[in-house]
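Quick look at what Swiss-Prot lists:
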- 53-76: DNA-binding region (DNA_BIND)
- Glu23, His41, His107, His111: Zn(2+) 1 binding site (BINDING)
- Cys29, Glu40, Glu106: Zn(2+) 2 binding site (BINDING)
- 1-142: domain 'HTH marR-type' (DOMAIN)
Amino acid sequence: MSLANQIDQFLGAIMQFAENKHEILLGECESNVKLTSTQEHILMILAAEVSTNARIAEQLKISPAAVTKALKKLQEQELIKSSRATNDERVVLWSLTEKAIPVAKEHAAHHEKTLSTYQELGDKFTDEEQKVISQFLSVLTEEFR
């Protein structure tokens, strides 16, 4: 099979795997709480800092409306709470509830496990081969911009 066909199959497999997901994580989520990947990512963001809808949308590179929808679902599950900014009552700040902390930690661990798997895969190649792979991925990424 040609390299072009392999790339096409690889990207097709990624598209199928990532359909309707914000990110690609390997393995299964270990949390018993059923959340979308966007909701999980919001929890991970809020574990690091209190944030606004607009800031979350910016970080996730999704629309504020999509964030609002995800926040509403998280609030219904009592995983997040809202408060008003002390310096501007119009600004709504979102933060985690105690119930959400273990879920957010699990999502962060899932990220680390995925990165560790990528590192293990990379370690199967020599430094020179890793440089070629890195260059290829950089060029391929530029083609998508």
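In case you wondered, yes, glycine gets a Cβ from its N, Cα and C as well.
Overlay of Swiss-Prot feature records on the structure.
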residue : record                : CB count, 10 Å
Glu40   : Zn(2+) 2 binding site : 26
His41   : Zn(2+) 1 binding site : 23
Glu106  : Zn(2+) 2 binding site : 18
His107  : Zn(2+) 1 binding site : 26
His111  : Zn(2+) 1 binding site : 15
Across the domain 'HTH marR-type' (1-142), average pLDDT on the 0 to 100 scale: 87
Glu40 (Zn(2+) 2 binding site) and His111 (Zn(2+) 1 binding site), distance between Cα atoms, whole Å: 11
Distance [Cα-Cα, Å, rounded] between Glu40 (Zn(2+) 2 binding site) and His107 (Zn(2+) 1 binding site): 6
Counts of helix, strand and coil residues, the domain 'HTH marR-type' (1-142), according to DSSP: 90 helix, 11 strand, 41 coil
